[in-house]
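Remarks on the structure that follows.
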């Protein structure tokens, strides 16, 4: 058993990225039944090894605190520093990547269209998580306690932290759904061409996405409280989900299934449905003189569709291990089983891997756009080199809405001016 734990600790140290740790579970021992050791954009495993149950905290379902596993968990110093380094890396990449993406879309008029507006909304949600949540995660990892735990600001952070975590994931999920719908609309209206700009319907969608994401995150702000506990003779407080009402008890019971269904399955199902419809639409309109005339636009729209599909696949790969771990713990794990300890240690390892991958999703979208989209690749290179508008050579590029745009020097003739604002409708 001791050798097994050494192996687990070793692999956790290797695969551990940022512990995107939601204070939802401050467990004291492997055998304690915890609501959700991990949730979205973070959940945490206990960083403090203790055998004291926090006071004012609901006991496990059987009302007992016995049947501990013979081994306890602890976070080694090496593991903390490894995760801190990776966390800082994700912070830098997420800050630079998402901020640059927002700047590109804001400063280039040819990039201001429906799908790019949704991508900007996606990047802004990731940026909020990176700027606010990651520093708190690193502090908790190194200090082993909740920041400002003894004053009111700590209580404010306890409410804000999980609220922003869940809101950020909601923004990601709903924007991916909106992008899938947008791609189908673009193909269904493939003969329509209109000017540059963000359609009103897309602006309404984005506002609705943010409002709905905040509303769905309200239970997190309500349920998370500062819970006092004793550790090594000293009094501490930590932030965790503590169900004190019937609604919160219900929310706590169905939370894993709710997260899996709405925050994971829904964008995948939505993408599958609308991409199937989009494929059928393309096959049905494969012939015809109008299609031949607009073949370039159709080709560009297919490229955009592939980019959106790539973002959805990355989302699925990043979040699947975490959801799988949560569902296995909900369905297979039995806290009263005497042989549960090895299973729980495996689930904890899956939690670490899943948490790290889920956290990386907040910085990977700009990287994916760089490699998938030639237009974004050119803009990233020019923007990061501080020469976005200083190019003296003619550059022909394809924005995310599938339009052929030409950038010309002021000295050149204006006979292509109309083409510079030519844009096919994807909305």
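Positions of Cβ are set from backbone N, Cα and C atoms, glycine also.
Given the structure is predicted, the values throughout are model-derived calculations rather than measurements.
Annotation source Swiss-Prot lists signal peptide at 1-20, citing sequence analysis.
For 21-80 (among others), the entry in Swiss-Prot reads topological domain 'Extracellular', with the evidence type sequence analysis.
Feature annotation from Swiss-Prot assigns N-linked glycosylation site to 29 (among others); the stated evidence is sequence analysis.
Marked as N-linked glycosylation site by Swiss-Prot: 62 (among others).
Residues annotated as topological domain 'Cytoplasmic' in Swiss-Prot: 103-112 (among others).
Swiss-Prot lists 133-159 (among others) with the feature topological domain 'Extracellular'.
According to Swiss-Prot, the disulfide bond annotation covers 158-239, on the basis of sequence analysis. If you draw a 10 Å sphere around the CB of residue 158 (disulfide bond), it holds 24 other CB atoms from the protein chains shown. DSSP assigns residue 158 (disulfide bond) to a helix in the three-state reduction.
Among the features that Swiss-Prot reports, topological domain 'Cytoplasmic' is placed at 182-205 (among others), with the record citing sequence analysis. If you take every residue in the topological domain 'Cytoplasmic' (182-205) and average the pLDDT, you get 76.
The DSSP breakdown of the topological domain 'Extracellular' (230-256) into helical (H, G, I), extended (E, B) and coil residues amounts to 11 helix, 10 strand, 6 coil. Swiss-Prot lists 230-256 (among others) with the feature topological domain 'Extracellular', giving sequence analysis as the kind of evidence.
Annotation source Swiss-Prot lists topological domain 'Cytoplasmic' at 279-306 (among others).
Here Swiss-Prot flags 329-347 (among others) as topological domain 'Extracellular', drawing on sequence analysis.
Residues or ranges marked as topological domain 'Cytoplasmic' in Swiss-Prot (evidence: sequence analysis): 373-427 (among others).
What Swiss-Prot lists as compositional bias 'Polar residues' is 405-415.
Swiss-Prot lists 425 with the feature phosphoserine.
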By DSSP, what is the split of the topological domain 'Extracellular' (329-347) into helix, strand and coil residues?
11 helix, 0 strand, 8 coil
